[in-house]
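According to TrEMBL, the protein carries these features:
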COMPBIAS  628-642  compositional bias 'Polar residues'
COMPBIAS  646-662  compositional bias 'Basic residues'
REGION    622-662  region 'Disordered'
TRANSMEM  15-35  transmembrane segment
TRANSMEM  55-79  transmembrane segment
TRANSMEM  91-109  transmembrane segment
TRANSMEM  121-139  transmembrane segment
TRANSMEM  151-171  transmembrane segment
TRANSMEM  216-234  transmembrane segment
TRANSMEM  241-257  transmembrane segment
TRANSMEM  263-279  transmembrane segment
TRANSMEM  284-303  transmembrane segment
TRANSMEM  512-531  transmembrane segment
TRANSMEM  543-564  transmembrane segment
TRANSMEM  576-593  transmembrane segment
Amino acid sequence: MNTNGNKNTLKANKILIPVILLIGLIPIIVHSFVYDTNLAQFDWYPESAAKQTDFFFAWKMIAIILVGVVMLAILLIRYLNKKEFKFENSFYFLMVYALFVAMSALFSSHKYWVAHGTYELFEPVWVVFVYMILCYYVYNYVQEEKQIEVILRWSGIGIAIVTLIGFFQVFGLDYFKTSLGKHLMTDTSWWNQLDKISFNFADKTAYTTLYNPNFLSFYFGMLIPLLVCLFIGAKKMWHRLVIAVAEICCIVALVGSRSSSGFIALAIGAVILALVLLSRKKKLFAAGIVVVVIGVIAAGVLANTTGIGQTLKKTVVGTYHMKDQFSLNDIKTNTDDVELDIWNNPLYVSYDLGSDGVITVVCKDADGQEIQTTEVDQENHILALNDERFANVQIQPIMFTDNTAGIKMIIDGVEWDFSKNDTDGYEYLNPAGKLVKFENPKVSNVFLDDAMSNRGHIWNKTIPLLGKHAFMGSGANTYMFEVPQEDYISQNYVYGANSYDVKAHCWYLQQWVETGLIGTLALLVFLFWYLVQSIRIYRRVDLHESISWVGFGLFAAVLVYMIAGIANDSNVCTAPVFWGMLGLGLAVNRMLVKKENLFVKETAVSAESDTAVKQSIPKAAESAKADTAQTVQNTQGAGVTESSVRKKSSKKQSRKQRKNQK
């Protein structure tokens, strides 16, 4: 018996290996991957950057897909063996989401990147499917508390590595700057040029194996509340000591990421989680609501009256619209001239190349009046305009090549190069080194442009795309082809030349663009179904059990991730951890409902009553028959009918039923 039990346990644990790999070990993969972006075909991308080297995403993508194939095979074998699958109604919505992910990919105009992944992201449609498979796989195969311990214990090895790398980076000890780190993350062909490898992060910034410091908001945003709950639920002192050390390291790494979105998500999540626990008692819940209301009012007052509060408010809400902050609002490359909007004052600039090789520049205002210029730099032939409206504008005639003349306009210290040809007139020489007609992208004004660390401008560019994708999205990993990359004004003033919007910096907006509104709503229903289910459970469950705190910690992790998703994006570094924890959370909820008979009390009472009634019916029938026979025999002359006896017996039966139900 024990031998069979050990074999079954070993088999059950082997089934969990894919889960452990996805949650714990795949996030630590960092290795060089050379690839062709296939983006040089676009005017906004430079030919010279067609080949790129990735360290943090590509091999994670490949590993995720391989493990996903294994999980799918295991599920298929289970199906062929006609074994029962566990299921709950919320998974119908996940299926709808999967359907729209597939449809959006199938009908996408960018199929190459849907299938292969894109520059700086590598989250193609196959990876998105693996996320969903992981969630359902965990839900099906995790059936005991010991299995949860196995997953958390072995995944903890990889989590510890990720955390320690980030922890030491905060103190200036960057593993990826060491000789060992560089050797391990590169092929042998790189080993004679390791000094050239560097990542553009400020000193003592934590980015660990996740690459983008913003992604640490997701990763440690999940781990910090989970570890708190594991600490509370732990029974052994040494377990608590290890968890406490891990918690400190996670907090230090999150601080070192310098990403405020993680702490904002943790703060909001902490309030919601506290209210869930307080709701176990009505009086405490009412007091908690009062405290939250007072806290919100106090936060509003502090945000407007203190220096720290105002700084935080400016970071979250923003301070300006770009059109009000910078003098250059628009550029038009016309046939006969270049039209610029400088503080709402139109300026028309043109040039002619004489036979003597001299470039003559002509400037006019909105009334067609020529504006005189003065040469302020004779060596470089830089001209200033003799007009106060354009005091921040300078112009330099220039020969780009021996045969190509043009003008360089310097506005607020930012350079803009233009040339003309007989076919298209004036064109802009963009940062990619390509001549294009200037297009100013359509943007909304819903957010201030510098809100949430300049996310406001990205969201403003994304909002006009939403109507186009009300039904179907553009396909997984294709956001960068939908959003206008020709946003040269914001690039030159704020983000820097050759910077690209590869993601929406909001998981939900990106889902809408790539999957469509219906698919996104289905995903949200699935996620909120779990949140509501968890709230109902943890308002009732016995919190003296360790499994209850594990479940509550998983609920907290998912909640914080969803809040952080408002200002961050899904990625192959952190999303597997999230979907794995979501599947674990659903499995624990199922186990708790079964263990403590939650939400079935009324049904159980009704079933017991029905059983009692069924047992009483034969006895009542026999009694009725006896009473009827006796009554007929003794009262034939009294006019007592059989129907009156039946009514009397039915009343007795009804009273018995009510008694049993009570």
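Glycine is no exception: its Cβ is also placed from the backbone N, Cα and C atoms.
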Give residue numbers and ranges for long-range contacts of the transmembrane segment (15-35): same chain, 6 or more residues beyond its ends, CB-CB under 8 A.
51-56, 58-60, 63-64, 67, 70-71, 74, 130, 134, 137-138, 141-142, 147, 150-151, 154-159, 161-162, 176, 184-187, 190, 209-210, 219, 573-574, 576-577, 579-581, 583
Interface check, the transmembrane segment (216-234) with the transmembrane segment (121-139), three or more C-beta pairs under 8 A:
no
Counting only pairs 6 or more apart in sequence, are there at least 3 Cβ pairs under 8 Å between the transmembrane segment (55-79) and the transmembrane segment (121-139)?
yes
Would you kindly check 91-109, 121-139, 241-257, 284-303, 543-564 and say which stretch has the most C-beta pairs under 8 angstroms to the transmembrane segment (151-171)?
241-257
Would you confirm whether the transmembrane segment (512-531) and the transmembrane segment (121-139) meet the contact rule of 3 or more C-beta pairs below 8 angstroms, pairs 6 or more apart in sequence?
no
Hey, which bits of the same chain come close to the transmembrane segment (263-279), Cβ under 8 Å, at least six residues off its ends?
217, 221, 224-225, 254, 285, 287-289, 292, 295, 316, 535, 538-539, 552, 555-556, 559-561, 563-564, 566-567
Which residues of the same chain, at least 6 past either end of the transmembrane segment (284-303), have a Cβ under 8 Å from a Cβ in it?
271, 274-275, 278, 309-310, 312-313
